[in-house]
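Q: So that we are looking at the same thing, I have put the structure below in structure tokens.
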Amino acid sequence: MRRVLYFTNTRPDAYATMSDPIRLIVGLGNPGPDYETTRHNAGFWLADHLADDLRTAFALEKGFFGMLAKARHAGENVVLLKPITYMNRSGQSVGAVACFYKLAPEQVLVLHDELDLLPGQVKIKQGGGHAGHNGLKDIQAALGSPNFWRLRIGIGHPRSLGLAQQVADFVLHPPCREEQQQIDTVIDRCRAVVPAMLAGDFALATRELHGANGT
């Protein structure tokens, strides 16, 4: 059972350094029960919790090639999206939604699994490359810009975890119990700072998340 953390409205003047507020939150993953518990679906896991926190629910929107949830936070519209195009075609869904709502890349936050961070670690980043993550690569092509925000949820790398698996196999398998607990803890930390990101205060969100990484 998912624990719900209802967001409270936060006044914009509570934040000192502001970026563009986030209006589209995209959780990356693969659709269907075969993939539900796999590491590659960490973005879906967080998106599901955020829908609960924002008191909304996902529904299929075929025209957007994904599951969509609409919410209000601090008087503003927020859209949550889980593409059902499979990871490699995520941009088809993200591009369609961003175009319809006339959103700039800077107003988009993508939640995704990150091989270069260990389970229990998380980082916020804007722009940059895709580091071989095909979902990010396709979104960058669809938006015509790398300047969207990313919330990188650490899942570890087979090499860093002492496993002999190939990366393609690793991301399509569930984490072990200890790793899952570490990822779940990170997801709760992310949920706690999403209100700041929705208000555009990525400086606060970054301090809170990166400071708790212990790195």
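Using the three backbone atoms N, Cα and C, a Cβ is placed for every residue, glycine included.
Checked Swiss-Prot, it gives:
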- Asn30: site 'Discriminates between blocked and unblocked aminoacyl-tRNA' (SITE)
- Tyr35, Tyr86, Asn88, Asn134: tRNA binding site (BINDING)
- His40: active site, proton acceptor (ACT_SITE)
- Asp113: site 'Stabilizes the basic form of H active site to accept a proton' (SITE)
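Could you give the neighbours, burial and distances for every feature on this list?
A: Its Cβ placed at the centre, Asn30 (site 'Discriminates between blocked and unblocked aminoacyl-tRNA') has 21 other Cβ atoms within 10 Å.
In three-state terms derived from DSSP, Asn88 (tRNA binding site) belongs to a helical segment. Taking the Cβ of Asn88 (tRNA binding site) as centre and 10 Å as the limit, one finds 12 other Cβ atoms among all the protein chains shown.
For His40 (active site, proton acceptor), the same-chain residues lying six or more positions away in sequence with a CB closer than 8 A to its CB are Leu28, Gly29, Asn30, Met87, Asp113, Val171, Leu172.
Taking all protein chains in view, 25 other C-beta atoms sit within 10 angstroms of the C-beta of Asp113 (site 'Stabilizes the basic form of H active site to accept a proton').
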Q: Would you give the longest CA-CA distance, in whole angstrom, between residues of Tyr35, Tyr86, Asn88, Asn134, the set recorded as binding tRNA?
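A: Max span of the tRNA binding residues, Cα based, is 16 Å.
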Q: For Asn30 (site 'Discriminates between blocked and unblocked aminoacyl-tRNA'), what is the secondary structure by DSSP, using just helix, strand and coil?
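A: In three-state terms, Asn30 (site 'Discriminates between blocked and unblocked aminoacyl-tRNA') counts as coil.
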Q: In the structure shown, with every protein chain counted, which of the binding-site residues Tyr35, Tyr86 has the densest set of Cβ atoms within 10 angstroms of its Cβ?
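A: When each Cβ's neighbours within 10 Å are tallied, Tyr35 leads.
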